[in-house]
Amino acid sequence: MNKRAYNFNAGPAALPLKVLERAQAEFVDFRGTGMSIMEMSHRGAVYESVHNEAQERLLRLLGNPKGYKVLFLQGGASTQFAMIPMNFLKQGTVGSYVMTGSWADKALKEAKLFGETSIAASSKEDQYMRIPDLDHLELPDRTAYLHITSNETIEGVQFQKYPETGQVPLIADMSSDIFCRVTDVNKFGMIYAGAQKNLGPSGVTVVIAKEDKLAEQVENIPTMFRYSTFLKNNSLYNTPPSFSVYMVNEVLRWIEEEGGLTAMEQMNREKAALLYDGIDQSGGFYRGCAEPRDRSLMNITFRLASEELEKLFVKESEKEGFIGLKGHRSVGGLRASTYNAVPYESCKALADFMDVFQKQHG
Ligand SMILES: *Cc1c(COP(=O)(O)O)cnc(C)c1O
């Protein structure tokens with residue numbers, strides 16, 4: 001097999017080699033059925049067992065929290081930005097948002113299309129390079145939910161603790177950090193994530209939420225935009241993204257085999273430390289973008305002295321087999337996305353490359 005790229009793509013992103021190889025082995029003939037999982041009816045027992053297994057694994061990795069259900073949806077996390085207010089933002093209530101970066105911005109923008117919103121806290125005045133103070137959230141009495149973005153993929157900041165919201169359901173967009181660390185899901189009314197960063201390929205969005213939230217009846221929105229439709233039909237009201245769900249199940253199997261979320265967290269902390277330490281010890285040659293306290297374990301954003309030097313860094317890195325180190329077009333700079341499936345060896349190779357680059361250009 002050819003050498004694998006050092007893949008630091010932000011999303012779609014690296015998948016575990018073991019998972020890809022397993023999928024390859026059963027690609028044409030899925031477990032003796034004489035067809036690919038992609039060629040099967042989603043109403044058949046074979047697909048349904050994969051579908052249910054993925055749901056069970058998602059909950060098992062979270063310690064089987066009581067009263068929670070898993071849904072598989074389409075349209076990406078971006079569609080959740082609209083579905084959340086459509087389902088939960090009733091007349092006379094307010095959707096509250098913690099503004100932490102580009103994705104929180106997009107989530108708020110969609111909510112404004114449906115009802116009243118408020119900003120509970122914001123770090124916009126600091127270009128979103130930190131997580132705002134969570135001890136003094138401004139929540140109106142009529143707050144329907146508080147929405148947070150647990151990890152801002154573009155800016156590279158991540159919640160280190162979650163806000164206390166009392167009776168107000170906490171909803172988190174965990175698209176870029178779900179399962180990167182041990183998480184107490186009981187704090188949340190709902191978490192959601194597009195799969196293509198930390199859970200699998202694109203095409204499926206995972207929602208994990210309290211069953212009573214999902215069961216709420218909303219009549220004046222299309223059937224496919226109601227959580228209750230998916231809950232009632234075990235996410236099989238219409239054709240699910242069956243291949244993506246299968247891949248998510250395999251990624252979850254891999255996480256379990258590696259030792260679950262505790263092991264993921266430990267490895268992610270080691271990987272991130274390798275790169276952040278390199279940045280901090282470079283004497284200012286590399287500069288981390290985010291406030292150190294709020295630095296993301298998943299998206300490591302940093303800058304060089306000039307845009308020219310950053311361009312050169314990207315170019316030279318590509319020659320050495322590194323992929324995806326250019327920062328998001330909206331903020332520039334450099335970004336290494338170190339999701340669960342990015343091996344320690346890739347991070348070590350990047351840290352070494354950064355060292356050499358500094359020696360040549362510092
Ligand atoms: C990538 C990303 C999204 C958008 O996901 P899509 O599945 O492309 O809609 C939303 N939120 C966060 C935090 C992301 O990283």
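Cβ atoms are placed via backbone N, Cα and C, with glycine included.
Those TrEMBL annotations? Automatic predictions, nothing curated.
Copied over from TrEMBL, here are the features:
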DOMAIN    6-343  domain 'Aminotransferase class V'
BINDING   Arg43  L-glutamate binding site
BINDING   Ala77, Ser78, Trp103, Thr153, Asp173, Gln196, Asn238, Thr239  pyridoxal 5'-phosphate binding site
MOD_RES   Lys197  N6-(pyridoxal phosphate)lysine
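Structure with TrEMBL features highlighted.
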residue	record	Cβ neighbours (10 Å)
Arg43	L-glutamate binding site	9
Ala77	pyridoxal 5'-phosphate binding site	25
Ser78	pyridoxal 5'-phosphate binding site	16
Trp103	pyridoxal 5'-phosphate binding site	22
Thr153	pyridoxal 5'-phosphate binding site	25
Asp173	pyridoxal 5'-phosphate binding site	29
Gln196	pyridoxal 5'-phosphate binding site	24
Lys197	N6-(pyridoxal phosphate)lysine	29
Asn238	pyridoxal 5'-phosphate binding site	12
Thr239	pyridoxal 5'-phosphate binding site	10
Next on the checklist: Quick test of your reading of the structure: among the binding-site residues Ala77, Ser78, Trp103, Thr153, Asp173, Asn238, whose CB sits under 6 A from ligand 1?
Outcome noted: Ala77, Ser78, Trp103, Thr153, Asp173
Checklist outcome for this item: Whole-Å Cα distance, Gln196 (pyridoxal 5'-phosphate binding site) to Arg43 (L-glutamate binding site), is 25
Checklist entry - So of all those recorded positions, Ala77, Ser78, Asp173, Lys197, Asn238, which one's Cα sits nearest to the residue listed as 'L-glutamate binding site'? => result Asn238
Checklist outcome for this item: Cα of Asn238 (pyridoxal 5'-phosphate binding site) to Cα of Lys197 (N6-(pyridoxal phosphate)lysine), in Å and rounded, measures 25
Next on the checklist: I need the CA-to-CA distance for Ala77 (pyridoxal 5'-phosphate binding site) versus Lys197 (N6-(pyridoxal phosphate)lysine), whole Å please.
Outcome noted: 11
Next on the checklist: Please give the maximum pairwise Cα distance, in Å and rounded to a whole number, for the pyridoxal 5'-phosphate-binding set Ala77, Ser78, Trp103, Thr153, Asp173, Gln196, Asn238, Thr239.
Outcome noted: 31
Checklist entry - About how far apart, in whole Å, are the alpha carbons (Cα) of Trp103 (pyridoxal 5'-phosphate binding site) and the residue listed as 'N6-(pyridoxal phosphate)lysine'? => result 14
Next on the checklist: Cα-Cα, whole number of Å: Ser78 (pyridoxal 5'-phosphate binding site) versus Lys197 (N6-(pyridoxal phosphate)lysine)?
Outcome noted: 14
Checklist outcome for this item: Rounded to a whole number of Å, the separation of the Cα atoms of Asp173 (pyridoxal 5'-phosphate binding site) and Lys197 (N6-(pyridoxal phosphate)lysine) comes to 12
